[in-house]
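Worksheet for the structure shown next.
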Amino acid sequence: MCEITLLMVQQIEEMSTFPRISLKPEVADHLRSVFLNKEVLAAVGHQVAESRFQKLLTCLSHPPSHTCIRASTHLAPLEEIRHKLAEELEKQMCSSSAGEVAVQIVPHPRIPDVLLLPVDGPRPVKQLSSEVVVGAQCGSAVLRGAHVFAPGIVASPKYMKAGDAVSVLSDSEGRCTRGATSFQGNRVFVGNGVAQMDRSAIFCTEEPVKGVGVRMVEPLYQSPSFDGVLPDMAFLQNLPSVVVGHVLGPRPGERILDMCAAPGGKTCHIAVLMRDQGEVVALDKIRNKIGRIRQNAQMLRLRSIKVYCFDSTRAVSSDPTAGAEGPPFPPESFDRVLLDAPCSGLGQRPNMSCTWSLKEICSYQPLQRKLFQAAVRLLKKGGVLVYSTCTVTLSENEEQIAWALETFPCLMLQPQEPHIGAEGMLGAGLSPERLRLLQRFSPELTWDQTAAPLPCRADGDTIGFFIAKFLKN
């Protein structure tokens, strides 16, 4: 890297708690070429483009500064849910610390079913000598308010007993051998807790281990645990994922398809927005995920959802006279289609390490196009198609939109409401007018704006996400 880039990296890391996300060199080089493509460089110059890319790598390894709750407003008014949630969380926090604790819960100013809670962190927590090592996924969950569940523990002190105070460290690269007594590889400190199990109960058993292994008492990022808290009224969901449902705009009485539905958060939101009147068809090809969709629908008391284990690339029937009850469906069977596509997931936060190869990162575009082709065929004339991903690449986002507009003349980009993310990214040859109709959530753009009020900060400090909305003429 050139001298100016090294200086930029140093300045960004000075305001960081964790190292930048660890990527294979080929993946890092590819992402850099995406964010410093010719269109971007011509518009903003090398220094601004480089700064944005370096901020992206840094913010991906950190959690957002808030927790987003989608309230079940079909079951109770938002203010009632807000009040009940505050009571439950205050009980939880008072039981784990001295004195009364006031929980700040703020309604989102533009999204009527979203509540926001600030995350307190990073906090000055002193690391202990006794260490428990957890997997990267478990470590990320701790940074967003969870306790350490026993299956996530990969190493612990040799003589650890229930009641021991321990520090929790995340094995960010997945290299720790399960059952080890110590680990000196790349690990990240995420806070302190109290062991709830002996080491033998975690590792020396033939039965699958369950339950909380370490209860967090001093997390580096303080956020309430929502385990068992108002499960039917307060649904943890990233803000852009809630925005998707509103952008789709479902209406009572319509028939709507969610093509890649598991675990069902967006499916249930669609049913809520159409007042549970009509039909929401949820497809997913992974059988063990189907039960989760049904479970969420049942918990939220939603009856309009029909769930099928089916590959959505084959969801269009070749026989137009076939019945339309279950998949495959005749062409033009749905008023609206949500294609929340399988993707490389490079927008997820916090994510301290991605071990995928460049081939794996780039493998999703063909699958997304097969799903897109099925979506267009299944959509009625005059219907709405929403395409979304939780990644930051051009090839899975803006390039897919450019391809779709060229491939399907019947599709026309539409304005999105709400539109709280940034516009689309340069680099795919799309016109400024079309880019303004896209919605790209780019957390790196607001990485250093820490003083903004919570509702304003929440709109920018999200996971990386992308949304496009089409009308079929």
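Glycine too: its Cβ is placed from the backbone N, Cα and C atoms.
These features come from TrEMBL:
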- 159-473: domain 'SAM-dependent MTase RsmB/NOP-type' (DOMAIN)
- C260, A261, A262, P263, G264, G265, K266, D284, D311, D340: S-adenosyl-L-methionine binding site (BINDING)
- C390: active site, nucleophile (ACT_SITE)
Same chain, 6+ residues apart, C-beta under 8 Å of the C-beta of C260 (S-adenosyl-L-methionine binding site), given in sequence order: L283, D284, S312, L339, D340, A341, P342, L371
For A262 (S-adenosyl-L-methionine binding site), nearby residues of its own chain (Cβ under 8 Å, 6 or more apart in sequence): D284, I286, K289, I290, R292, I293
Around the Cβ of G264 (S-adenosyl-L-methionine binding site), the count of other Cβ atoms that are within 10 Å: 27
Largest CA-to-CA spread of S-adenosyl-L-methionine binders C260, A261, A262, P263, G264, G265, K266, D284, D311, D340, angstrom: 19
Separation of alpha carbons, C390 (active site, nucleophile) and G264 (S-adenosyl-L-methionine binding site) (Å): 15
Cβ neighbours of K266 (S-adenosyl-L-methionine binding site) where a neighbour is any other Cβ within 10 Å: 25
Stretch-averaged pLDDT - the domain 'SAM-dependent MTase RsmB/NOP-type' (159-473): 95
Intrachain C-beta neighbours of C390 (active site, nucleophile), sequence separation six or more, cut-off 8 angstroms: N238, P240, S241, C343, G345, G347, Q348, I463, G464, F465, F466
Proximal but sequence-remote residues of the same chain as D311 (S-adenosyl-L-methionine binding site) (Cβ under 8 Å, at least 6 apart): L283, K285
